[in-house]
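Inspection log for the structure reproduced underneath, given as structure tokens.
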Protein chains: 2
Amino acid sequence: MSGNKASKQKPCHHCKNRPASAPPGTSMIHYEKFWLYRHCSSVQQRDRQAQKAGQLFSGLLAMNVVFLGSAFISSMIFNHVAITLADLWILLSILKVLCLCWIIYYLLGTSRQPHAVLYRDSHAGPIWIRGSVLLFGSFSILLNVFQIGYSAILIQCKSRVEIVFPSIEIIFIFTQAFFLWHHSKDCIQVQHNFTRCGLMLTIATNLLLWLLAVTNDTIHMEIESQLREVEQRFEGKAPFSHPCNETASCTCPNTTICKVFQKGYILLYPFNTEYCLICCSVLYVMWKNVGRRISHHHDPHIKPKFKLQGVVFGPLLGTIAVIIGICVFMMYQIQATGSAPNHQVFVMYYSYYIVLLPLMSVGAVIGTIIHALEKKELDTLKNPTRSLDVILLMGAALGQIAMSYFSIVAIVATDPRDLLNSLILSHSVLLIFQNITQNVFIIDGLHRQPFAAATEARHTQHAGEQAVASELPSEEETTTSSNQEHTQMSPSTEEEMKEEQNHEAYDQRRVNMLELGEEIRKVSLSYIHSYSHLSWKRRALREISFFLVLCNIILWVMPTFGAHPVFENGLEKSFYGYSTWFAIVNFGLPLGVFYRMHSVGGLLEVYITA
Amino acid sequence: MSGNKASKQKPCHHCKNRPASAPPGTSMIHYEKFWLYRHCSSVQQRDRQAQKAGQLFSGLLAMNVVFLGSAFISSMIFNHVAITLADLWILLSILKVLCLCWIIYYLLGTSRQPHAVLYRDSHAGPIWIRGSVLLFGSFSILLNVFQIGYSAILIQCKSRVEIVFPSIEIIFIFTQAFFLWHHSKDCIQVQHNFTRCGLMLTIATNLLLWLLAVTNDTIHMEIESQLREVEQRFEGKAPFSHPCNETASCTCPNTTICKVFQKGYILLYPFNTEYCLICCSVLYVMWKNVGRRISHHHDPHIKPKFKLQGVVFGPLLGTIAVIIGICVFMMYQIQATGSAPNHQVFVMYYSYYIVLLPLMSVGAVIGTIIHALEKKELDTLKNPTRSLDVILLMGAALGQIAMSYFSIVAIVATDPRDLLNSLILSHSVLLIFQNITQNVFIIDGLHRQPFAAATEARHTQHAGEQAVASELPSEEETTTSSNQEHTQMSPSTEEEMKEEQNHEAYDQRRVNMLELGEEIRKVSLSYIHSYSHLSWKRRALREISFFLVLCNIILWVMPTFGAHPVFENGLEKSFYGYSTWFAIVNFGLPLGVFYRMHSVGGLLEVYITA
């Protein structure tokens, strides 16, 4: 029954050609088996143990692949001669081809088997995640197209494999994005262990691609900063060096297309790292969902939709923050990419943060307090997506927090009374505080049940009627709209259902236009009264989360597109030494960017369910 | 009732002066509260959410302390001038004093409150863990005594704080060991959040001490290896440098006592690292157990005791492995600490591993297969200690596996056909395989329920009778011994109980000595028959786990007491560069040592429950 219901509520165009919509009886459930656990008394217990064993073995597979790849990448970094980038690309291409084979097999074989996808996890792969997979996937494809173009122009000094590898990458990204778009909600019920291994292999490949991108990205940063020093020293124009381009003779000819390819490559690079991380998290949820049977009461209640209604200050303040942020970012980029980055631009940059971060922290704290005041039930059902969200939020915040602590120690030990230093110090302290308060706010918000959907439905119905009042449409339209609202409503309390049915019956009895207008005015007045009286908490939560969404977006955009003052201010670099600080930034910065992105997702969910 | 039962079965001398033995009614349960979750419908739900929130906040506290400390330690390593070891010691001493205050408050305040410890987790803090806490704790205290003595001798060139810090350390280690010995099983039911924060602070302090010990230990290794190079170059005797001793003028006078302090300090160092890690794991289990209410059917069944009976080949083979291992280790240490470590000693060392590791892997694989063949129920109850064991096993194995992969890549890229290189290569591959198979074997074994305790009791009873047959003791002795066995038996199946009661009744009816002898001969013959027929699987499991225990002990002893061929063979060092390989070894080696130690514990449990 639940399968039927689910496929009705969340129709997906590829479900139709499968018999998945048939009601899943117990006869259709493929309980897992594992040779280690043949002698269990109950089928359920055996199934659970087999699941654990499958997860263990597929996890071991991924661990081995990741370690092998990491050893390769480290060798490439520390011993260019023995292991070249080409060797690494060969390894990664083999992995990608293996993943591709599995994905295609899954698309054509596994998922089309009878009773393969009886359940779909409504929490997995929300639209914003799948949307960003598509978005970052397209950017990554574009990046590879640029790379192919760049290599094609410089074909005389580059090997042909530098065209082959990006081509494989494009196919991989495309297929993976397609796969995740359509199948991220699947709880696959057949070929459990093979699917787990396939998913884990894909996760490992993405992790390695991320690792390579991070190291390459930072190598590129390093080269750029060294180049700037050279430029400063000779006051001449040094040729721009490409990260994969070791030979100095192989420079870009002075054509526009080559410059476009080069610049595009540099600009699009950060998206590739984010793409890999997002794919990993989606694939991980799929892996956790393999063999999961969702019980009936887990069935998705209709999710409230994103609406801008009723929020004013949050968007306003947020937009102001974004606009100022963009200005600061522009000025920073112009100044910092110039020959000599001066103190002023750092002061401006850090001042912006010092104003913004306390606002965000205060917002998060107020939000948490409102959560505590609200009389809302907690959602304590098992939910792998949410657990992962929480882990990712905490884990990704670690990068930023670790970097901040390192900054703090460096500054306190150096000279905390200097203007710039004191700015950096307060920036670091505030950043830690902001990360923690925001995490508490989001985690707490994710565990609250959506605002009673019935109340929501009633509100929207009233809103519909309000719209009627202004436009005065025909009778039928009103009825259909209220019916539409009704289908979207979940049966939370029967009393309210009945009340609303009475309303409807009453609606249908209305004939006279004047009477209708009178009625509507009354209803809308009482609605406005009840709205302003009842849900100031709800409105405040929405304002706060909207504000935080916009702030996180700007804090995400700035480091993504190249503002790395932690590296460019030179303070920590001289304190810890170049390579150590480099390693710390290398670890912290990509995680920080991912944290901001993930926070946006979490905050949007808090906004919607508030 | 359960509290009564538990305190009877596991009597602890300090339980008596507390009212904990009173039956825990619902009125005594202190449900947790948290200001964030005041509006939950059910008390249980609020309790669970409050628990989660408490864990989150105490975890955040620990995270901040650990990051601050790590930043300090990194600064100390990379910038000796700004942050000195003394600064770090001050920070750690503050943390230790805070922990001490909390521990004393816990011992005198929290744990003596009414209904504070209603439940005790029978799985937490098994005797081998608490024993190793005591053992390593004593060694660590001895280490600090040596350090105080060493500093006292060289008081003219050392500051007085170098005597103060070790004194605080001694008090901390002693109090913590006492606390863990008596309270590691507690499921505390009062002052939840304060206790959680205290535990997390102690965990963070131990982690930081471990981190410092690891970095100091490896700095010491580095100094030693550099010294050896210097020695080789000048063919003279360079003065031995102490890790904490920067000034060359401050050397040990040529007295025996000073040399003893110095050597003892170096020998005892590894125990300190292990002490910190073990304390962390025990404290973590305590933290997980805060506020945990163990349901009645969770009550401890009497654990089977450690018995050597019926195993021959395992101990034999294991002992041979240990003896050869000690010889290899001795020869290695003599050769490697000499002026020029030659190839032969490395060949010998790696050959030993290459012979031993496949044997261990085969044993683990056979054990896993036997587990699969056995018709034994799985123990799927919630058990934080076991979950932690599994996580620690997997996590600690990562260190060894990562190092192995790095070795493999380095050797394959260099020259895998050289004799020593091919030995190192096979050693690395076998090590990965051994780690994985052993982990699977242990994890699988930990999830099996102990071998039906009734059968066990019957066996021991029969064995008792067998002893009677050889010694022909008095009637009473036989009866008491069989009674003793009976009290150790858990009521697994009622039928077997009855059968055994019949046996006992029969026993008591025996009068004639000759009849008794005849009877016993029959019984023992049938016992031998049934034993050899029934439990070859069980015996094989015991043989294998005993063999693996001994092997893991020798593999634990060798790196602990100074055999670090991964660092001394020079191959990976030259491939990755000194500092990179140093960091990898720094990460992998202590984890590897911890892995071996933890495997011994896990394997002993598998042996006992087999």
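Each Cβ is built from the backbone N, Cα and C atoms, and glycine gets one as well.
What TrEMBL records for B:1-24 (among others) is region 'Disordered'.
Under the heading compositional bias 'Basic residues', TrEMBL lists B:7-17.
Among the features that TrEMBL reports, transmembrane segment is placed at B:56-82 (among others).
Positions annotated as transmembrane segment by TrEMBL: B:88-108 (among others).
Marked as transmembrane segment by TrEMBL: B:128-151 (among others).
Among the features that TrEMBL reports, transmembrane segment is placed at B:163-181 (among others).
Packing against the transmembrane segment (B:193-213) from elsewhere in the chain are residues 32, 34, 54-55, 57-59, 61-62, 65-66, 69-70, 73, 88, 92, 95-96, 98-99, 102-103, 105-106, 110, 176, 269, 272-273, 276-277, 279-280, 283-284, 286-287, 290, 590: each is 6 or more residues past its ends and has a CB under 8 Å from a CB in it. Residues or ranges marked as transmembrane segment by TrEMBL: B:193-213 (among others).
Taken from TrEMBL, the feature transmembrane segment covers B:266-287 (among others).
Residues or ranges marked as transmembrane segment by TrEMBL: B:308-332 (among others).
Under the heading transmembrane segment, TrEMBL lists B:352-370 (among others). Residues 317, 321, 324-325, 328, 423, 426-427, 430-431, 433-434, 437-438, 440-441, 444-445, 537, 540-541, 544-545, 547-548, 551, 555, 606 of the same chain lie 6+ residues outside the transmembrane segment (B:352-370) yet bring a C-beta within less than 8 angstroms of a C-beta in it.
Note on the transmembrane segment (B:390-413): residues 281, 421, 424-425, 428-429, 431-432, 435-436, 439, 442-443, 446, 566, 571-572, 575-576, 581, 584-585, 587-592, 594-595, 598-599, 602 of its chain, located 6 or more positions outside it, place their CB under 8 angstroms from a CB of the stretch. According to TrEMBL, the feature transmembrane segment maps to B:390-413 (among others).
Positions annotated as transmembrane segment by TrEMBL: B:419-442 (among others). Within the chain carrying the transmembrane segment (B:419-442), a Cβ under 8 angstroms from the stretch's Cβ atoms is held by residues 343, 346-347, 350-351, 353-354, 357-358, 360-361, 364-365, 367-368, 371, 393-394, 397, 400-401, 404-405, 407-408, 411-412, 544, 548, 569, 571, 595, 599, 602-603, 606, all 6 or more beyond its ends.
As annotated by TrEMBL, region 'Disordered' applies to B:454-504 (among others).
Feature annotation from TrEMBL assigns compositional bias 'Polar residues' to B:483-492.
Within the chain carrying the transmembrane segment (B:544-563), a Cβ under 8 angstroms from the stretch's Cβ atoms is held by residues 267, 270-271, 274, 311, 313-315, 317-319, 321-322, 325-326, 329, 332-333, 336-337, 349, 356, 359-360, 363-364, 366-367, 370, 438, 441, 445, 589, 592-593, 596-597, 599-600, 603-604, 606-607, 610, all 6 or more beyond its ends. Look at TrEMBL and you will find B:544-563 (among others) tagged as transmembrane segment.
Cβ atoms under 8 Å from those of the transmembrane segment (B:575-595) belong to residues 210, 214-215, 217-218, 222, 270, 273-274, 277, 392-393, 395-400, 402-403, 406, 410, 413-414, 435, 556, 559-560, 564, 566-567 of the same chain, restricted to positions at least 6 beyond its ends. Annotation comment: TrEMBL describes B:575-595 (among others) as transmembrane segment.
Beyond its flanks by at least six residues, the transmembrane segment (B:266-287) meets 55, 58, 121, 124-125, 129-130, 132-133, 136-137, 139-140, 142-143, 146, 173, 176, 180, 183-184, 186, 196, 199-200, 202-203, 206-207, 209-210, 213-214, 216-217, 220, 384-385, 388, 392, 560-561, 590, 593-594, 597 of its own chain at Cβ-Cβ distances under 8 Å.
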